[in-house]
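Undergrad: The compositional bias 'Acidic residues' annotation in Swiss-Prot covers 58-67. Residues annotated as SUMO cross-link in Swiss-Prot: K54. If you look up Swiss-Prot, you'll see K274, K288 marked as N6-acetyllysine, on the strength of similarity to another entry. Taken from Swiss-Prot, the feature zinc finger applies to 279-303, 309-333, 339-361.
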Amino acid sequence: MATAETALPSISTLTALGPFPDTQDDFLKWWRSEEAQDMGPGPPDPTEPPLHVKSEDQPGEEEDDERGADATWDLDLLLTNFSGPEPGGAPQTCALAPSEASGAQYPPPPETLGAYAGGPGLVAGLLGSEDHSGWVRPALRARAPDAFVGPALAPAPAPEPKALALQPVYPGPGAGSSGGYFPRTGLSVPAASGAPYGLLSGYPAMYPAPQYQGHFQLFRGLQGPAPGPATSPSFLSCLGPGTVGTGLGGTAEDPGVIAETAPSKRGRRSWARKRQAAHTCAHPGCGKSYTKSSHLKAHLRTHTGEKPYACTWEGCGWRFARSDELTRHYRKHTGQRPFRCQLCPRAFSRSDHLALHMKRHL
């Protein structure tokens, strides 16, 4: 009772501050709720008379008895409604083992809505004996399993999670489960400790497969891999024959595409020969035509006799109508023979002379 007298001020000091809308009963309830939360070293004695707030104006004995009777706790009612845990009982977990679960299993809600799991009841902790576990500092408790996490993720000891089997999904028969879920057989991937709920062993996937399997499911014309040596599949092999030439360009397996884009050397020569000779000689009695204007200009010099290219060698006064003729003539003075035969040691100053010589080796 000493704590009650030191904790609460007198009513006279409270009334001196101003009018309060709360009555004395409200203050009494507030004081008792605070005492229930901040309990001392032991539980209150039920045999002790109820606590009172001292005031200068003490009410009559009849009023005090009525208030004490109203404020007294109904212990029988509270003890029957709130039952503590069984002695020596451990917190129950409703999660199934991975081998027994056939679908998505969730643990049911706890049976009682009172205190935390594994702890004493509300009233049992308040009204129990002094050596009750509620008055001792609680030891470290294991965390209650999450309602939406599989038992393999709970900290309780559980068997080693198995690896979930993955394989490419083919639309043909025997392709496993449909609808984009992971199949059960094929390429095995070990399940990590922090893997999602759907990747644990014994639990089916609760969501569609990721989008990285799209190249296996978008194209309906695919067939299963043919029996033979296992090779790493590429993305182009999964697209099919119809999509290679249209969107990704031709490959070595499409000879028609290469034939259209890259013409052969023979085709280029024929195309060069078919070019129209637009430049025609206008000299009377000469109907020659040329594809280049420079060739026609050199030809006209034969009709006019013009020879603008003169040899600069000392003592040589030869002149030529074309520059290539002057170049061949100048090699006679220098003795230069740049065209050499690869089959014999002979060399020539003109390319046409080398061509005639190569015919002898044939």
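The first residue you see is number 1, and the count goes up from there.
Here the Cβ of each residue, glycine as well, is placed from N, Cα and C on the backbone.
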Undergrad: Based on DSSP, tally up the residues of the zinc finger (339-361) by helix, strand and coil.
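TA: Reading the DSSP string over the zinc finger (339-361) gives 11 helix, 4 strand, 8 coil.
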Undergrad: Which residues of the same chain, at least 6 past either end of the zinc finger (309-333), have a Cβ under 8 Å from a Cβ in it?
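TA: Sequence-remote neighbours of the zinc finger (309-333) are 298, 301-302, 349-350.
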Undergrad: Treating G and I as helix alongside H, and B as strand alongside E, what does DSSP give for the zinc finger (309-333) in helix, strand and coil?
TA: 11 helix, 4 strand, 10 coil
Undergrad: Name the residues of the same chain, 6+ apart in sequence, whose Cβ is under 8 Å from the Cβ of K288 (N6-acetyllysine)?
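TA: Listed in sequence order, they are T280, C281, H299.
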Undergrad: Under 8 Å between C-beta atoms and at least six residues away from its ends: which parts of the chain pack against the zinc finger (279-303)?
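TA: For the zinc finger (279-303), the nonlocal Cβ contacts are 321-322.
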Undergrad: Report the DSSP secondary-structure composition of the zinc finger (279-303) as helix, strand and coil residue counts.
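TA: Taking each residue of the zinc finger (279-303) in turn, the totals are 11 helix, 4 strand, 10 coil.
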Undergrad: On average, what pLDDT score does this prediction assign to the zinc finger (339-361)?
TA: 94
